[in-house]
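According to TrEMBL:
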type	residues	note
REGION	85-109	region 'Disordered'
COMPBIAS	100-109	compositional bias 'Polar residues'
DOMAIN	186-248	domain 'T-SNARE coiled-coil homology'
TRANSMEM	258-277	transmembrane segment
Amino acid sequence: MTPQPSSPAGDGVDHLHQFFKDVESINGELKELEKLNGDLSSSHEQSKTLHNAKAVKELRAKMDSDVNMALQKAKLIKARLEALDRSSDTSRNMPGCGPGSSSDRTRTSVVNGLRKKLKDSMESFNGLREKISSEYRETVERRYFTVTGENPDVRTLDLLISTGESETFMQKAIQEQGRGRVLDTINEIQERHDAVKDLEKNLKELHQVFMDMAVLVQTQGEELDDIERQVNRANSYVRDGATRLQTARNYQKNTRKWTCYAIILLLIILIIVLVIVRPW
C-alpha cells in the first residue's frame, strides 16, 4: 500500500519534535561541559598543595585531558547549534512556520538560550584560565623564596614564568643550598610552567569559542527583538483594522437607522398632505 504523504502541518510538528530532541541532547552536553569546568577548578586547587615535579606532572596530564575534552565538547556544541540554525532555515519554508510565526520565534528563542548557556560556560573557563595564570605567578614567587630566601624581582619572575627556568636562579641557589633540593624545585617549576602553557593554549581556544558565541548571542538577540517588534506592529495593525471595521459597521448601522427615520417621516408628511388636500 502506498503511504499517504504527510500534511504540511504534520511536517512542521515532526520537525519541531526533532528540534526539541536535539535541544535536550545539547543541554546534556552543556551539563558535561559544566562538570569538566568543575573538575578543572578542583584540580587547580589541588595543584597548589603539590611540592614535587612527579605529582605536578601526573595532575598536569589529567588537567590536559579535561581541557582537551572540554574543547572538543565546546566545538561539538557550537557545530550542533549551527545545525539547528540550518534546520530553522528549512522550517521557515513550511506553511505556517515562516519568519515571525510562533514556531519560528520558539526556535530562535530556544537556540539563542542554548548559545547563551555555552557563552556563559566559556566565560567560566576563561575566568579559570585567568585565575590559573595569576596564581601560577604567585606559586613561582613562593617557590623562589623557599629556595633562595629572597623575593624575586619582576624581571626574574617574568623570566621564570616565560621559560620555566633561570640560570641565575639555579646557580645562586645551588651554591647556597645544594644541588639536589634546588633541582627538585626547578623541575617542579618547569612542570608547572609546561602545564600552564598547555592549559593556556587550549583555554584560549575555548575563549575563541566564547567570543564567537558572544557575537552570535547578540546578533540572534537583536534578530529576535526585531521579530518581536514586527509581530507587535502587525498585531497593532490588526487591532487598528478591527477597530476601524467596527467603526464602519456602527456608521453603517446608524446610516440605515436614520434612513429609516427619514422614510417614516416622509411617509407621515405625505399622509398629512393627502389628508389636507383631499376633498371630502
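Keep in mind that glycine also has a Cβ here, set from the backbone N, Cα and C atoms.
Whatever TrEMBL says is automated annotation, not expert-curated.
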In the region 'Disordered' (85-109), how many residues does DSSP put in helix, strand and coil?
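Tallying H, G and I as helix, E and B as strand, the rest coil: 15 helix, 0 strand, 10 coil.
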So what pLDDT does the domain 'T-SNARE coiled-coil homology' (186-248) average out to?
63
